[in-house]
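What follows is a short report on a single structure.
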Ligand SMILES: [Cu+2]
């Protein structure tokens, strides 16, 4: 069990991705990640206001305070598109993770 | 302004429904409204404190502080609701068919009144922290300022209306039925909260098994829509739950129903080895 988690953590460390939030928009708005591999996703909020990073399909829901960041572990994703959004500004803050 | 209203209302629905249900459950209990009001007050204060320390809370526990905080709040609420249901089942014999007797019975066991107050406080705390952060963020940024803030307040007011509507909706049910309905509501509510709790543990990486999506019914009913949110709170509806969430939901249902049956079968006053008087 512990070794399995160790391996996946190591694999996740290799697949590290970063998103930024600026002016209530995500950069990049489309993030490509390899399918069927664990990965980590760091979301940096460069705005002064908090944002709730939310994705039903990635199963993430977290408030990121202004000028700070949060790191998530992504489960191995089947190939496909996974939408995410900033709930506090959902008219501009939209994006997709594309697993391929 | 409309956007702010909708965002705050969406957050406030959950707490509003829970407050309404608790008001209905404790209807007729002397002082219950005071207890509920105290729960709302303490929860709101706590929400402001949590919002103020959001930064540090997020960074705590290797960045999983927020998830663990939410998971603990939900877990405590589930325990309180289970406790309440078991207590009500235990005293079922004493509960005659009209509501004032239910009220008197609940009043005698003020511990369950306290448990329900805690559930109200925890619901307001969790949803309120998000609302406080959102409104604070808008004011701090000076973005569109007071207009959006007014929208937020209107959203809060609508959330309060949800409580009132839930209360009167439930109170319109004949008293005899009300007891059965609220027992079921609390059971489903608890199962839904337990499933949400495990979702936060999965997000924090504490639970890794059964992480695949069990189904996707978001095309029929999104759990972000208003109806979806209401069902989310009432029966724990989720449009893309993980297999683990479904398992925990069902397990919680089974445990509560079994525990309630078990305790209902044993009259509480006939304690073991009670000496004859
Ligand atoms: Cu919420």
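A Cβ is built for glycine as well, from the same backbone N, Cα and C atoms used for every other residue.
Record features (TrEMBL):
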type	residues	note
TRANSMEM	B:6-25	transmembrane segment
TRANSMEM	B:34-53	transmembrane segment
TRANSMEM	B:68-87	transmembrane segment
TRANSMEM	B:113-136	transmembrane segment
TRANSMEM	B:148-171	transmembrane segment
TRANSMEM	B:178-201	transmembrane segment
TRANSMEM	B:246-264	transmembrane segment
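Counted over residue pairs 6 or more apart, the CB atoms of the transmembrane segment (B:113-136) and the transmembrane segment (B:34-53) come under 8 Å in at least three pairs, which marks the two as touching.
Away from its own ends, the transmembrane segment (B:246-264) comes close to residues 78, 82, 85-86, 89-90, 92, 183, 187-188, 190-192, 194-195, 197-198, 210, 214, 236 of its chain (Cβ-Cβ under 8 Å, at least six residues beyond either end). Distant neighbours of the transmembrane segment (B:68-87): 25, 50, 57, 60-61, 109, 111-112, 115-116, 118-119, 122-123, 125-126, 183, 186-187, 189-190, 193-194, 196-198, 200-201, 204, 206, 252, 255-256, 259-260, 263; these residues of the same chain sit at least 6 beyond its ends, with a Cβ under 8 Å from one of its Cβ atoms.
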